[in-house]
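Inspection log for the structure reproduced underneath, given as structure tokens.
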């Protein structure tokens, strides 16, 4: 029952019941209201008794569990500081809120508040932390959900009570069996004056109805019933169009009270009540307050600070079976390692390793060992409640660690384990989630509820924010932190666990490192700070940023601005629509430019266009509306796409106001950042200016989202239309002014333009001159556009290689004309991740020789050497690995894909470790019979090494290297010559040696030995033929020398891996597929075995050797 029932908000709150009831099938007979209420009361009483029984069982389990940590085992540093002795009548309660949600519970009487009229009411719950690090839960009472609808013609005050009664009765009938609804569904219907934000109508506010409901979940049925129509005396059955009926209850509350995500809240003295006993949560301070008494501090000045939050990072290890990925129904959890950090401190204050069976001590960490897995799981659950983290992080905790722990505890019947949140008695449950978008494809994931704690899975953050070749923790740590980690295959973990206390210690160190790295990533990438600032800027709860899409952020800002002006957001049904023309790209003048190219960039182009031309929902004129409203030509504009909007002199748009606020706030934040010296405040300010920039740019995207809350094709297509016009005008202005006729040394030419920038060749020879002319041109062109549109000088490229649209490279100069900042590449294989590393490395190396060294001959020679090495099998396999994301099931792909077919084959070999949806699949292309499709030749790199499968080097040359190299060298060498020099010639006449062990004819062929000297086939098992026997000693020495070289190489690689794992005295067991050393070590080990086998053919030394 527990697994199927949706958990409620806390003790004493009955769970919700599914829609429908006893009388659904018999519409002719309806029970009286008294009979319905009587049946409901009996059901509620039964639920209450059942819940009390469950709570007693949980409480006894928890009391037994708390004994898992003896007083001596609990480090005092784990505990939060003791809460102060607050006097609610004299002292305010101030805290930074992290999460806001709501639950439904019996109303509580509060001083100064009217007596509650409902048995069950929605109560908002804000979790947070004080400046001293004390945890707080604030129950906010008295706020009810509401929405608007236009009053139908003829509707007057006399119809208010009738509409309230009829709608309430309709909702009650619709919600039969809803246990929480014990009073009227509609609390109030009021007449007010408002105006729709969609379109300029010219008539000002009109009559609207504000409908207040008893519960948030009644919003959807109320909206549906109103759209169907409600019978009213004298008005017939009018249909009502809902406004703001799709706004989340928490967003509604935050908008109305001017609360933004992660800001500081103040409960004034004398306005709140502390709960000394009977608390519903594990928080140290628990308060009740009326919603109208909460004071919200805007995140500015001293209120920008971040409370000393407790961040917990953890990782688990499981003992799987050979060849099978761990399953929670069968495989035990053997270790759980946790690290705790107080935000703002440089080092974790807590390092804890909980292990199954004894483990040797670990310096700097506390080790707790258990003989029973049930005790281990219960101890970690108890530890979570003792340590009480505000933020929980890790790597893939959302899809593996947390679901595994909960499922395993359920299998072992550990009763108190799932109580991981802050609400007493509320279990953490797992639900499946699926997300699909055009950019990311489909991602299946799990969601674990943990009320009161923010979950930040670093894997999910990186998947959403960064485009990487691989997303394993090892690859990500190397990319961002510059450090590697030992990666132990799940099959080896069981062997370490079954060893002794030292092998278990090694496993615990590995597990601690896996918990430590996500914490480092969280800090290095400023994930928490940036997310908090984004929540503050957009006004949504922190949890929404991590689990919801982009649109809710703009909706929140739109609602806040609209509320100040009496405007309402309509509920728009969208199913996708027509597309529109995107930004302009000026046709590139391809080539290699050995002169400086100045780049001029429009600052915040799309937001600037929307502000300059007052483009908004509120200013949009429908076709013919300008004439009907009697507007003159100077009161509205016609955009390049033919759409019409009123000017700011008639009405200032909401979107331009929002954008002005965001960009001016960003300007202030950047000015403060320039002066600030405190590193923590610098982090906050940097996160704030970034959040403001992203938010401003997302407003345009919100209007263009065809399946969205409020799409408006007229706005989005007008913005891109103005953008195209501006790019073309900029080109014309630059090429008209900077000419020989106007006194300049050379006539300027715009060689390329893309969306918001143009690349200009002024014909000067020095970077300093190009910078001066670029600044002058930017200022001059800006004067031809309305404010705040501004063209800025951004950088100079010298030299510059322009290959095609969206593809170019050059040395970038932005501040100093005498030193380049970096080599900048766009759209080239040096920065793309859909090819093998060999391509990126070769393209980067070639560009460096072309652009930095100015050595085209050296670049050509290097490319030829790499091609020769490839064809002669001298390239390490790690450089040939291609990775592609598995975005959907095999059947959903239109054609056969190499990575999809390999994933299916790997699933047949080992279902547990096969890639799943959302994973990136690494593969190499192997040789096969002529005509075999490429998707059939994909193979797992490790499988290729273990079975000595030959690589299809021609595929890598023709399909991976050829096009990128020709793109770079054709502008320099010429089209025909580049192909002849790079892809033909002596360096391509290399013979590869096939060494496969499986597949094809090799599976049926019988191997015969050859003479090591002359390669003649031998009839015996010796090393040399009779003709080479006089040289046997010389050949033997040569092979021994080769063996020594291989041993030395293997020793160097082994030592490097030992340094990475942190011990020079233990075997290397790392199997990180993202590390090139791993593939080298595997290859050299195999070469060593082959070389030793070859030397054994010489036989034992004869007597003459002694």
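Even glycines carry a Cβ here, placed using N, Cα and C.
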Between 1038-1056, 1057-1075, which stretch does Swiss-Prot give the note motif 'CysB motif'? 1057-1075
Looking at the binding-site residues 1028, 1075, which one has the fewest other Cβ atoms within 10 Å of its own Cβ? 1028
Between residue 1070 ([4Fe-4S] cluster binding site) and residue 1011 (Zn(2+) binding site), what is the CA-CA distance rounded to a whole number of Å? 38
On a count of neighbouring CB atoms within 10 A, which of the binding-site residues 1011, 1014, 1060, 1070 is highest? 1070
So if I draw a 10 Å sphere around the Cβ of residue 1057 ([4Fe-4S] cluster binding site), how many other Cβ atoms end up inside it? 21
Using DSSP, how many residues of the motif 'CysB motif' (1057-1075) fall into helix, strand and coil, respectively? 5 helix, 1 strand, 13 coil
Taking DSSP helix as H, G and I and strand as E and B, the zinc finger (1011-1028) has 0 helix, 1 strand, 17 coil
Taking the centroid of the Cβ atoms of 1011, 1014, 1025, 1028 (Zn(2+) site), which other same-chain residues have Cβ within 8 Å of it? 1010, 1012, 1013, 1015, 1016, 1018, 1024, 1026, 1027
Using Cα coordinates, what distance in whole Å links residue 1014 (Zn(2+) binding site) and residue 1075 ([4Fe-4S] cluster binding site)? 38
Rank aside, I only need the closest one: which of the binding-site residues 1011, 1025, 1028 has its C-alpha nearest to that of residue 1075 ([4Fe-4S] cluster binding site)? 1011
When a 10 Å sphere is centred on the Cβ of residue 1025 (Zn(2+) binding site), how many other Cβ atoms does it contain? 18
